[in-house]
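Engineer: Below are the structure tokens for one structure; questions will follow.
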Amino acid sequence: MAERAALEELVRLQGERVRGLKQQKASAEQIEEEVAKLLKLKAQLGPDEGKQKFVLKTPKGTRDYSPRQMAVREKVFDVIVSCFKRHGAEVIDTPVFELKETLTGKYGEDSKLIYDLKDQGGELLSLRYDLTVPFARYLAMNKLTNIKRYHIAKDFDIAGQFDPMIPDAECLKIMCEILSSLQIGDFLVKVNDRRILDGMFAICGVPDSKFRTICSSVDKLDKVSWEEVKNEMVGEKGLAPKVADRIGDYVQQHGGVSLVEQLLQDPELSQNKQALEGLGDLKILFEYLTLFGIADKISFDLSLARGLDYYTGVIYEAVLLQTPVRAGEEPLGVGSVAAGGRYDGLVGMFDPKGRKVPCVGLSIGVERIFSIVEQRLEALEEKVRTTETQVLVASAQKKLLEERLRLVSELWDAGIKAELLYKKNPKLLNQLQYCEEAGIPLVVIIGEQELKDGVIKLRSVASREEVDVRREDLVEEIKRRTSQPFCIC
């Protein structure tokens with residue numbers, strides 16, 4: 001055994017050596033020589049080496065979801081989808097992977113996060129990075145110029161030529177409705193406009209070729225200090241220190257419509273055509289947000305950049321707020337939970353004739369929201385229901401399996417969510433305990449006397465109150481008692 005263990009260790013080390021040489025792109029001859037050594041060592045191990053050793057784990061960046069976690073996910077999805085439907089959205093779906101050329105050049109510095117797939121059938125493919133670029137491809141491919149859609153319970157977009165800022169305001173309204181309904185805490189929605197950013201970069205002296213890369217640096221201000229961002233601009237991206245300082249004077253400002261008015265009077269920014277257009281649209285946007293009753297949730301923040309290259313106009317991002325430790329301090333943002341913006345040029349990149357379809361949309365950060373909701377439920381030690389079962393069909397005596405099967409079938413056929421225990425003669429106490437553990441609100445109990453009298457005993461699990469209900473009235477009585485919507489707790 002000791003000799004075999006030593007040989008297995010040699011095989012492991014030789015395997016690591018081969019992998020290392022491949023990563024270092026060593027010569028083919030050298031790799032072949034080491035692979036031959038590895039095969040020779042494996043041959044010495046004998047037939048037992050053929051037994052594959054599995055590492056029980058999910059791939060990096062993925063996770064499993066337990067019944068409890070899925071109950072939370074579905075509840076969150078229900079809130080999001082009901083809001084999208086309330087605003088008149090249709091649902092579409094697109095493949096989980098796209099042609100690599102479809103995704104290339106659309107995400108700026110985030111392009112390095114795209115996962116390429118192995119060549120299949122002569123096509124170069126990549127996993128989709130978001131749902132916006134596939135949506136733009138879908139519009140161009142199907143020659144659509146007008147649609148309001150949602151996708152996988154997290155993305156919502158409005159495509160079409162409309163009057164300024166009306167669709168944009170609705171997207172912000174939807175974002176606020178969803179976050180308020182989910183009750184995950186106080187939040188703030190930051191808004192800005194890419195045209196204002198580009199105009200600001202221009203008057204500050206940023207070369208045209210550096211606009212997008214400097215934009216990506218500014219986008220990090222919600223995570224790191226201005227000094228760190230400035231060092232990146234100057235040290236890594238070659239921006240002149242004076243230019244960076246001028247940018248700093250602007251991007252550290254935030255406020256409401258009064259800041260928009262102030263910048264409209266800025267002697268330099270107001271002379272830039274792009275910035276002026278962006279500021280004019282933001283002024284209109286704040287008027288509509290006031291009418292929608294959400295202006296108090298919105299902050300015009302010049303540091304918001306949204307690193308993706310395809311944005312062309314208004315951009316926004318919702319962050320959860322942390323309660324200040326000291327009185328008088330501003331609430332701190334603790335992470336983005338939704339974001340979006342306008343991307344008027346993306347569809348034209350796919351259209352053979354370059355025809356543009358104006359679009360604006362939002363994406364809900366469902367994974368972060370799930371984590372927040374899970375943490376809250378754990379902190380409160382709340383019990384989560386993982387099924388929607390309304391009633392358990394139970395028996396009080398032995399030899400009543402046929403009656404239980406007959407009754408549960410009747411309930412299923414009537415659209416009632418029902419269960420029974422998979423035992424011929426389960427004890428009544430065990431059946432009642434199952435209801436309490438699973439959160440099932442009602443139990444119908446079949447007994448010999450009840451069968452003779454033509455009634456079924458209906459028991460409330462919470463109050464333990466029991467009533468006799470005539471067999472023909474049972475379905476309606478259960479429906480009446482379970483008319484409230486399903487809750488996860």
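Just so it is clear, glycine is given a Cβ too, placed from its N, Cα and C backbone atoms.
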Engineer: Taking 342-369, 370-397, 398-425 as the choices, which stretch does TrEMBL tie to coiled coil?
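Structural biologist: Among 342-369, 370-397, 398-425, the range TrEMBL annotates as coiled coil is 370-397.
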Engineer: On a count of neighbouring CB atoms within 10 A, which of the binding-site residues Tyr310, Tyr311 is highest?
Structural biologist: Tyr311
Engineer: Could you list the residues of the same chain, at least six apart in sequence, whose Cβ is under 8 A from the Cβ of Leu131 (L-histidine binding site)?
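Structural biologist: Within the chain, Leu131 (L-histidine binding site) has Cβ neighbours under 8 Å at Thr94, His151, Ile152, Lys154, Asp155, Ser363.
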Engineer: Look at each of the binding-site residues, Asp130, Asp157, and point out the one with the fewest other Cβ atoms around it within 10 Å.
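Structural biologist: Ranked by other Cβ atoms within 10 Å, the binding-site residues Asp130, Asp157 bottom out at Asp130.
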Engineer: Apart from its near flanks, which chain residues at least 6 from the ends of the coiled coil (370-397) lie with a Cβ under 8 angstroms of it?
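Structural biologist: Residues packing against the coiled coil (370-397) from afar: 67-73, 76, 182, 184-185, 320, 337, 403-404, 407-408, 411, 416-421, 425-426, 428, 431-432, 434-435, 438-448, 457, 478, 482, 486-489.
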Engineer: At a 10 Å cut-off from the C-beta of Arg306 (L-histidine binding site), count the other C-beta atoms across all protein chains.
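Structural biologist: Its Cβ shell of radius 10 Å holds 22 other Cβ atoms.
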